[in-house]
Amino acid sequence: MQKSFKQRIFESVRPGLIFISLMWLVFFVEFVFQSRFNDFGILPRTWEGLRGVLFSPFLHGDLNHLWSNTIPALCLITGLRVFYRKDALHIFIYGLILTGICTWLIGRNSYHIGASGIIYMLASFLIFKGLFMRRFKLVALSLVVIFFYGSMVWYVLPIRVGMSWEGHLSGFISGLLIASLINVKADSDLIYSWQKPQYKEEEDPFMKHFDESGNFIEIKEEE
């Protein structure tokens, strides 16, 4: 049965909730045990630092850092899942790895932590893929992302001390590359009854007015 758009949004929230829950869980563990896991971040051009490709998105420097990444991560992961349900996991994994490796290659010699690289990757992918595919809903989604997160583009430049602009730039480039090079199909909404999987031609009130040769036949209403 074809699900409504609202149902798809509701179901698509779960992956984003799981992701941000892990972020908060790690921060809670650090707080309770008064420890820091920054050593599991990305340390550029060291073998040890490669583990940060997987772990760094779940590590944050302080509560403000964590909170500033929470809502964007939830919204963008949900948007990815709603419009690219079949390929969302692949896109996310490719983006996670590519963003992390790019940061590992170009980053300064310090630990890079936080989910902002993933956020930039998702925003970049949703914007460019929507524009490339030229479908109304996807272009509308692109414009919404630009409206809310367009100002983030300035943070791919080294304009703030202590901020991993290399991670932002890596995420932005990764999203653009994935949107350009990987062929994914957006989920389409089935508008007409004959497009739906459960459609049966013999039960269609309109089709009952035509015989097997396509000739119109008049059906008398029962008294």
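Each residue, glycine too, has its Cβ placed from N, Cα and C.
The annotation transmembrane segment is assigned in TrEMBL to 12-33 (among others). If you look at the transmembrane segment (12-33), the same-chain residues 6 or more away from its ends with a CB under 8 A from one of its CBs are 57-60, 63, 66, 69-70, 73-78, 81-82, 85, 88, 115.
The average pLDDT computed over the domain 'Peptidase S54 rhomboid' (52-181) stands at 90. Annotated domain 'Peptidase S54 rhomboid' per TrEMBL: 52-181, in sequence order.
Among the features that TrEMBL reports, transmembrane segment is placed at 66-84 (among others).
Listed as Cβ neighbours of the transmembrane segment (91-107) (distance under 8 Å, sequence separation of 6 or more from its ends, same chain) are residues 42-45, 49-50, 52-54, 56-57, 77, 80, 84, 117-118, 120-122, 125, 164, 166-167, 169-171, 173-175, 177-178, 182, 184. The annotation transmembrane segment is assigned in TrEMBL to 91-107 (among others).
Non-local neighbours of the transmembrane segment (113-131) in the same chain are 19, 23, 38, 41-42, 52, 56-61, 65, 69, 72-73, 76-77, 79-80, 83-84, 91-92, 95-96, 98-100, 103, 138-142, 145-146, 149, 152, 156, 164, 167-176, 178-180, 184, 186; each lies 6+ residues outside the stretch with a CB under 8 Å from one of its CB atoms. TrEMBL lists 113-131 (among others) with the feature transmembrane segment.
Panel annotation: around the transmembrane segment (138-157), residues 72, 75-76, 79, 83, 119-120, 123, 126-131, 163, 165, 168-169, 172, 186 of the same chain, lying at least six beyond its termini, place a Cβ under 8 Å from a Cβ of the stretch. The annotation transmembrane segment is assigned in TrEMBL to 138-157 (among others).
Per TrEMBL, the feature transmembrane segment maps to 169-186 (among others). Remote same-chain partners of the transmembrane segment (169-186), defined as residues 6 or more beyond its termini with a Cβ less than 8 Å from a stretch Cβ, comprise 83-84, 86-87, 90-91, 94-95, 98-100, 102-103, 106-107, 116-129, 132-133, 135, 137-138, 153, 156-157.
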